[in-house]
Amino acid sequence: MSDLRITEAFLYMDYLCFRALCCKGPPPARPEYDLVCIGLTGSGKTSLLSKLCSESPENVVSTTGFSIKAVPFQNAILNVKELGGADNIRKYWSRYYQGSQGVIFVLDSASSEDDLEAARNELHSALQHPQLCTLPFLILANHQDKPAARSVQEIKKYFELEPLARGKRWILQPCSLDDVDALKDSFFQLINLLEEKDHDAIRM
């Protein structure tokens, strides 16, 4: 090795030591998780994710195919793949499940009986899908600010979550665009489940 390269190597080591002692080094990288977000059209998926990203509501456009957002939190970054919820799109959802580490399912708690039944069927299908059935689920009962909204207990009973999801890791939370703190808390709970899964994988 030439004298110049040796000098460069020592200078770089000095720089690293300086960073470690004086600047305390760069902050540790936040873990990133790849999630899939599903729900019927009108459930509010796009609006909720845009709210978490501090985007202007004026720029929110309903997702017709799929979109990807990096949603930052203090302890993690969630790379959320949002799938459109129209009738002609839902049959293709499963093509986008591969690689997911968690699931966000958004439902309109104030929707019509027909739409609520459709959402129930889609959630049941997702909970039993081979690529999703072992993943953590965050189920958001959106539009709780509307007069016709069903309560979380009503949703849990109607969707038969207790018997269907027994043994799975899932969270059912009420939410609305008006309460961003509660929305963030729901995602923090999901991140905790994702971290637990990481720790389980390390132990194995």
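Note: Cβ is positioned from N, Cα and C throughout, glycine not excepted.
Here is what TrEMBL records for this protein:
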type	residues	note
BINDING	GLY39, LEU40, THR41, GLY42, SER43, GLY44, LYS45, THR46, GLY85, ASN142, HIS143, GLN144, ASP145	GTP binding site
BINDING	THR46, THR63	Mg(2+) binding site
TODO: Around the Cβ of ASP145 (GTP binding site), how many other Cβ atoms lie within 10 Å? Please give the count over every shown protein chain.
DONE: 14
Task: Residues satisfying Cβ distance under 8 Å from HIS143 (GTP binding site), sequence separation of at least 6 - done: GLY44, ASP108, SER109, ALA110, SER111, ALA149, SER176
- [ ] Would you mind checking how many other C-beta atoms are within 10 angstroms of the C-beta on GLY39 (GTP binding site)?
- [x] 27
Open item on the list: Can you give me the Cα-Cα distance between GLY85 (GTP binding site) and THR46 (Mg(2+) binding site) in Å, rounded to a whole number?
Closed with: 11
Open item on the list: So the record assigns GLY39, LEU40, THR41, GLY42, SER43, GLY44, LYS45, THR46, GLY85, ASN142, HIS143, GLN144, ASP145 to GTP. If I measure every Cα pair among those residues, what is the longest distance in angstrom, as a whole number?
Closed with: 22
Task: Number of other Cβ atoms within 10 Å of the Cβ of SER43 (GTP binding site) across all protein chains - done: 24
- [ ] Round to the nearest Å and give the CA-to-CA distance linking THR46 (Mg(2+) binding site) with ASP145 (GTP binding site).
- [x] 17
